[in-house]
Protein chains: 2
Amino acid sequence: MTAPVDPPALTTTPFPNSEKQYLSGALHPQVRVPVRAIHQSATLEMVGSLTRRTSNPTVLVPDTSGPYTDPAVSIDPRRGLPHARPWLATDPCLETQTERFSARLDGAGPMPFPALPLPRRARTGQAITQMQAALRGEITPEMEFVALRENLRQADEFTLTHQHPGQSFGAAIPRVITPEFVRSEVARGRAVIPANINHPELEPTIIGRNFRVKINANLGTSIVTSSIEEEVEKMVWATRWGADTVMDLSTGKYIHQTREWIVRGSPVPIGTVPIYQALEKVSGVAEDLTWEVYRDTLIEQAEQGVDYFTVHAGVRLAHIPLSARRRTGIVSRGGSILAKWCLAHHRENFLYTHFADICEIMAAYDVTFSLGDGLRPGSIEDANDAAQFAELETLGELTRIAWDQGVQTMIEGPGHVPMQLIRENMTRQLEVCQEAPFYTLGPLTTDIAPGYDHITSAIGAAQIAWYGTAMLCYVTPKEHLGLPDRQDVRDGVIAYRIAAHAADLAKGHPGAQARDNALSQARFEFRWEDQFNLALDPEKARELHDESLPADAAKTAHFCSMCGPHFCSMKLSHDLRAGDILAGLEEKAREFREGGSQIYLDRPASEPEEVGA
Amino acid sequence: MTAPVDPPALTTTPFPNSEKQYLSGALHPQVRVPVRAIHQSATLEMVGSLTRRTSNPTVLVPDTSGPYTDPAVSIDPRRGLPHARPWLATDPCLETQTERFSARLDGAGPMPFPALPLPRRARTGQAITQMQAALRGEITPEMEFVALRENLRQADEFTLTHQHPGQSFGAAIPRVITPEFVRSEVARGRAVIPANINHPELEPTIIGRNFRVKINANLGTSIVTSSIEEEVEKMVWATRWGADTVMDLSTGKYIHQTREWIVRGSPVPIGTVPIYQALEKVSGVAEDLTWEVYRDTLIEQAEQGVDYFTVHAGVRLAHIPLSARRRTGIVSRGGSILAKWCLAHHRENFLYTHFADICEIMAAYDVTFSLGDGLRPGSIEDANDAAQFAELETLGELTRIAWDQGVQTMIEGPGHVPMQLIRENMTRQLEVCQEAPFYTLGPLTTDIAPGYDHITSAIGAAQIAWYGTAMLCYVTPKEHLGLPDRQDVRDGVIAYRIAAHAADLAKGHPGAQARDNALSQARFEFRWEDQFNLALDPEKARELHDESLPADAAKTAHFCSMCGPHFCSMKLSHDLRAGDILAGLEEKAREFREGGSQIYLDRPASEPEEVGA
């Protein structure tokens with residue numbers, strides 16, 4: 001890798017037949033919320049010798065892809081994205097530092113970010129987190145942003161299409177999300193808006209059980225493979241396919257520099273696990289970790305604009321023996337690092353003992369907690385064991401402390417859990433952590449399919465999200481086997497978008513079923529292009545269709561290669577529909593009236609009628 | 001395609017480090033049940049300067065791949081498989097016909113099967129179905145076969161490894177499956193053993209809620225694509241990866257001939273939908289179908305050895321208008337064909353009116369019913385609607401008639417169903433159809449992901465199987481888009497093996513968790529080869545691992561490319577385990593005793609201890 005550096009090659013093509021639209025704030029005019037509008041073709045029907053043309057509505061869907069898919073915006077990764085949160089620059093509660101605390105690290109590596117912004121933090125005495133604002137009764141621009149984003153439209157335009165009532169297990173999902181509803185959820189800690197004041201490029205999103213289920217994609221270098229450019233491209237790629245947040249889990253070289261490029265170019269919240277970089281600073285020797293090294297790392301990362309930190313403060317010295325007889329021990333990187341430190345020093349986890357200090361730093365930048373599940377089960381056998389739930393109790397205790405200092409908090413969860421044990425996880429977490437948003441990794445519902453763990457875990461993720469989990473951390477086909485590449489990232493993101501949407505439907509999230517209805521209608525009417533364009537992955541749908549019927553004419557054909565023209569049930573259904581059924585009913589009605597309107601008639605002697613019973 | 005024909009190229013390599021073993025019948029010595037034994041390498045641990053070597057047990061897993069993976073058997077597809085049911089040849093209750101009813105069809109096509117067996121049927125007055133035998137108190141060879149197959153071992157060798165208790169929603173799964181238990185389940189209709197007397201190559205299997213969840217793979221030509229050789233290879237391929245049954249849904253040319261090659265070469269039950277071939281005989285004009293054409297088709301297919309027929313006898317004239325306003329109409333091929341016939345003739349479905357005649361034919365060969373769900377929902381919006389449940393009521397009525405004539409019966413189910421509506425399907429079916437086995441297609445839990453419907457449906461399939469569904473019909477990535485190829489078949493089979501196994505774990509099926517435990521242990525001990533070999537798809541697991549760490553040395557490495565050697569949590573866990581934890585506990589215990597065994601000590605003045613709260 002040599003400098004000066006060409007910007008990474010990024011995928012920026014807009015989605016097919018889609019238009020990026022923006023919704024404007026009413027309370028906060030600078031708020032501009034992206035949504036994707038998928039246009040449909042018209043339905044053509046023969047009516048006698050005429051063709052009737054019925055237009056089909058545009059379908060609005062969530063859009064996490066950022067300005068990359070806006071043809072009106074030209075992006076240079078060396079300059080970072082445009083600021084979706086311009087109000088931060090003039091916020092009087094914030095002060096700009098004269099230099100970066102991490103200046104030494106900024107230059108360390110092959111690819112320094114050219115246009116480093118100066119960091120900001122809360123002025124002394126100012127309470128600047130979203131939670132603190134919410135508790136004061138304020139509706140911040142971020143709150144209005146996410147309200148519009150959840151509705152996908154201005155509040156007064158909402159119409160609920162055909163949708164099955166949901167079973168939300170006690171969640172309280174309103175029909176229209178208002179900024180005031182957002183404020184109230186954030187105030188009570190039941191939702192978080194991860195939005196570091198140093199991440200002005202962010203298009204904010206909300207994570208909580210009363211909102212659409214969100215998904216996270218992981219990326220990051222390891223010592224074995226990958227590069228900064230690859231990871232930036234993965235971030236753009238992951239958000240293109242639908243990741244609501246991205247975690248940078250780099251453990252290789254140049255962690256700090258890699259992260260700068262990612263945050264400056266990310267339209268979604270970025271999460272990290274600061275203990276990884278702290279460990280790199282002590283040359284990989286867990287026992288050499290100190291509070292001071294960790295504290296500095298928090299500040300460096302908060303200055304860059306990281307929106308949430310995974311902190312394994314629940315890995316308590318007393319809990320570690322509970323994991324001694326596990327089938328797969330401690331599978332969390334952070335958890336195993338901290339456990340090693342605890343035992344080496346025979347002391348309580350310094351993240352736990354310094355928790356109030358951590359809160360103070362995070363509150364100054366509005367970094368959100370993701371309280372780590374260092375003792376999560378890494379095998380079916382270890383599911384719901386004493387180690388796991390002991391940690392959960394501590395996380396509940398820490399949640400209260402974090403809230404007292406105004407720090408937004410979510411709780412991480414498992415792991416590997418067979419289906420019959422999933423519900424208990426949700427029930428306990430809601431109670432112990434007072435409905436703080438739950439953020440699970442899957443869970444995987446069986447261990448026997450490495451190579452397919454995006455599927456073993458999508459099965460569990462859909463269920464735990466239905467029960468109330470607010471965000472799902474994706475799992476790719478590479479889980480347990482190696483670092484994911486671009487294809488794995490896409491497979492993982494789509495599998496998790498499926499799980500999240502299945503949960504939204506099951507919860508009865510208002511409007512969620514609109515996309516299913518539109519796609520099924522397009523399918524039934526053989527509007528193939530519309531069916532593809534409405535799909536989560538239009539390219540894959542089109543590609544699989546074209547494997548056996550590539551010609552353009554096949555896109556108007558009333559069949560596909562599964563059954564061919566004679567056997568296509570949808571084609572036959574069309575033949576059945578209006579004409580046959582209604583005509584048949586009308587004829588029978590006429591026959592009835594003409595026959596004297598008798599309900600019972602004598603059976604003709606010549607025609608015995610066999611019946612089934 | 002020209003004659004004479006080379007046999008199709010078939011995949012016959014044994015699975016890695018696996019051995020095909022056979023369990024012998026005690027009641028019926030001719031019974032030889034295949035199981036796959038996966039051998040593991042030893043665990044090596046350093047104890048001081050010595051290496052301790054602990055052997056790991058062989059893991060037995062179900063094996064649907066037939067003699068193809070037995071290196072001791074050489075297969076010529078032109079002769080068909082060896083007979084796993086040799087007792088049929090000497091069964092005095094059966095009589096051999098002098099010629100085939102379908103002789104005319106046997107020769108029609110490019111690839112006539114060279115070694116056509118003469119068909120057999122029940123002697124007049126003999127009641128030869130598995131259900132009739134069970135009701136007489138007999139334990140047939142097939143019943144003993146499937147009992148051994150469900151246990152994967154002789155009954156007296158069973159040990160239950162660490163396993164979470166399940167939640168089986170009232171199913172009654174015994175710890176050891178005995179032949180007597182099988183008989184009683186078949187007698188009461190709660191399980192079926194699809195085993196046509198003309199399919200002696202079959203290795204029987206049992207389908208019912210008190211047994212392992214089974215999966216079906218579909219194959220078959222369509223007019224647009226595919227050939228006989230490709231479909232035979234797909235059958236071998238599908239059973240290799242784990243399909244318990246295969247349905248031949250061919251709608252193209254040479255349906256009869258294609259099916260002969262498939263049945264003669266299939267170790268698993270074969271299902272068909274006879275209305276497709278009947279429709280071909282009337283040149284694709286649904287209105288021209290007659291009972292006579294259909295009846296002849298049933299006999300022709302029963303003679304070939306088809307083990308189960310999908311019969312859409314529940315598509316009643318009165319139900320069809322209930323589908324008029326659906327989002328996606330009637331999506332079942334058979335359902336739409338019959339609906340068209342009903343409306344064209346203004347008469348009741350002839351499959352319903354002739355149901356007793358159908359039963360009589362099927363009973364003579366022991367063909368099992370799969371009562372078709374012609375009115376299943378093909379979109380989320382249509383789920384659980386009046387049309388769907390009206391048909392289910394009829395299927396319940398028909399089940400009783402079938403049982404009265406001794407015909408084994410299973411019930412087909414949906415379709416597209418959002419998660420919150422899945423449970424109702426199971427509850428209703430158990431009640432209306434008196435616990436006859438349920439056999440669902442998915443269900444898909446959302447419509448928005450064509451290209452990934454193996455995943456949208458694995459999510460629903462796992463849940464409905466947990467609730468009691470006995471067999472799951474797979475869905476491939478090609479669903480809604482085209483005819484599946486080999487890769488699609490593999491993806492679909494693995495996705496459904498995952499869903500079925502996740503359900504077995506959730507139900508607490510005895511011994512199901514053994515494979516998960518073994519794989520996780522291998523993973524934790526970095527026995528990479530064992531981890532791959534125990535996986536559902538060893539090749540894929542190895543391939544993904546090797547994408548970033550291909551060298552053989554990496555297969556003994558205590559890390560993978562996800563985290564590298566310094567960050568691997570499993571490696572760190574090992575470092576933690578025996579030495580550190582136990583040593584730490586011992587040291588603390590010594591300190592306690594030496595300090596006078598005081599529980600409370602005075603705090604040293606110089607060392608303030610901060611705590612989290």
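A Cβ is built for glycine as well, from the same backbone N, Cα and C atoms used for every other residue.
Substrate binds B:N218, B:M247, B:Y276, B:S332, B:R333, B:G334, B:D373, B:G374, B:L375, B:R376, B:E412, B:Y439 as TrEMBL records it, and from the list B:H199, B:H312, B:H354 the residue named for this site is B:H312. Taking the C-alpha atom of B:H416 (Zn(2+) binding site) as reference, the shortest distance to any of the binding-site residues B:S332, B:R376, B:C563 belongs to B:R376. Around the Cβ of B:Y439 (substrate binding site), the same chain contributes B:I207, B:N216, B:S370, B:M410, B:I411, B:E412, B:G413, B:T469, B:A470, B:M471, B:L472, B:C473, each under 8 angstroms and 6 or more positions distant in sequence. According to DSSP, B:Y439 (substrate binding site) is assigned to a strand segment. B:H480 (Zn(2+) binding site) is 15 Å away from B:R376 (substrate binding site) when you measure Cα to Cα. Distance noted between the C-alpha atoms of B:H480 (Zn(2+) binding site) and B:Y276 (substrate binding site) is 19 Å. Of the candidate binding-site residues, B:C560, B:C563, B:C568, the one lying closest to B:Y276 (substrate binding site) when CA atoms are compared is B:C560. Proximity to chain A (CB-CB distance below 8 Å) holds for none of the binding-site residues B:N218, B:G374, B:R376, B:Y439.
Counting residues per DSSP class in helix, strand and coil order gives 4 helix, 3 strand, 18 coil for the region 'Disordered' (B:55-79). Distance noted between the C-alpha atoms of B:N218 (substrate binding site) and B:C560 ([4Fe-4S] cluster binding site) is 37 Å. In this structure the alpha carbons, written CA, of B:G334 (substrate binding site) and B:C560 ([4Fe-4S] cluster binding site) are 50 Å apart. Sequence-distant neighbours of B:S332 (substrate binding site) (same chain, six or more apart, CB under 8 Å from its CB) are B:H312, B:G372, B:D373, B:G374, B:L375, B:R376, listed in sequence order. The binding-site residues examined here are B:G334, B:G374; by Cβ neighbour count within 10 Å, the least packed of them is B:G334.
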